[in-house]
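Everything below concerns the one structure shown next.
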Amino acid sequence: MKRVMKLGVVGLAVGLLLAGCSSGEKGKTDASDTKKEAASETVLYFVRHGKTMFNTTGQVQGWSDTPLTDVGVEGAEQLGKGLKGTTFSKAYSSDMGRAVSTAEYILENSGNKEVELTTLSGIREWGYGGYEGRDNSEMWIPLFEQHGLTFDEDWTDYGELTRKMSDEEIANTIAKNDKTGTAETYEEITERTKKALDQIIEETSEKGGNVLIVSHGSEIPTILEIVAPGSYQGEDIGNCSVTKILYKDGNYTVESIGDKSYLGE
């Protein structure tokens, strides 16, 4: 699913080094100066982790963590093969085991095994508090019914729910409904996410190139809303799908959302 939006983002832009020095000869520009003046484009490959046990059994999985299933491993390996020929300059994943494993399979199968993997807690999945490990229906039915929608295991009406409720409203309603009071609010989610994005851009934007970032099904739409508000319209962020975002000169361009073409789909 392709959607393109280019926006200047306040707070996430990192100052790019601009250098220029006058030549001894009029009209002559040093080649190294030209290279410095040309801003590098950074291509961010946001990937949702491979399928896990809780994804299979329909249980809430935020900060709780279950391993990749055989299907999940196969998907991560297939994605890596689909990305063969793409050279990653840096690789990141959330600190959840399912994201780390997915990143490792991708790097190994794409020919990027030597790329160092950095884990960031800031891009982990939303924390669902007391709902963790419980049936998805317990957490989601109240939100769906509030808008006259039906929750099912295929998430048929989820796109419609996202058109009726913003990311912020969904997160805060879950936090409000959580009787333990431990689910993350939207402010808490976005605060940590912005810090992680700032770090990624700071570490990659000067050199540019391709950057692998393995994250999660609710976290990736949050990232989209931060860098390009309104770009996410309920598209399916399936396991091992790729959401590609370009960064240059403080601007983000959303190139694709939930793309499964690298899996041969």
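Heads up, the Cβ atoms here are built off N, Cα and C, so glycines get one too.
Residues or ranges marked as substrate binding site by TrEMBL: Arg48, His49, Gly50, Lys51, Thr52, Met53, Phe54, Asn55, Arg98, Glu125, Trp126, Gly127, Tyr128. According to DSSP, Glu125 (active site, proton donor/acceptor) is assigned to coil rather than to any helix or strand.
For His49 (active site, tele-phosphohistidine intermediate), the same-chain residues lying six or more positions away in sequence with a CB closer than 8 A to its CB are Leu68, Gly72, Ala76, Met96, Arg98, Ala99, Ser101, Thr102, Val214, Ser215, His216, Asn239, Cys240. What TrEMBL records for His49 is active site, tele-phosphohistidine intermediate.
As annotated by TrEMBL, active site, proton donor/acceptor applies to Glu125. In the shown protein chains, 25 other C-beta atoms lie within 10 A of the C-beta of Glu125 (active site, proton donor/acceptor).
Feature annotation from TrEMBL assigns site 'Transition state stabilizer' to His216. The Cβ of His216 (site 'Transition state stabilizer') has 24 neighbouring Cβ atoms from other residues within 10 Å, across all protein chains displayed.
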| Among Arg48, His49, Gly50, Lys51, Thr52, Met53, Phe54, Asn55, Arg98, Glu125, Trp126, Gly127, Tyr128, listed as contacts of substrate, what is the widest Cα spread in Å, to the nearest whole number? | 20
| note | Counting other C-beta atoms within 10 angstroms, the emptiest spot among the binding-site residues Arg48, Gly50, Thr52, Phe54 is Phe54
| query | What is the total of other Cβ atoms whose distance to the Cβ of Arg98 (substrate binding site) is within 10 Å? | reply | 28
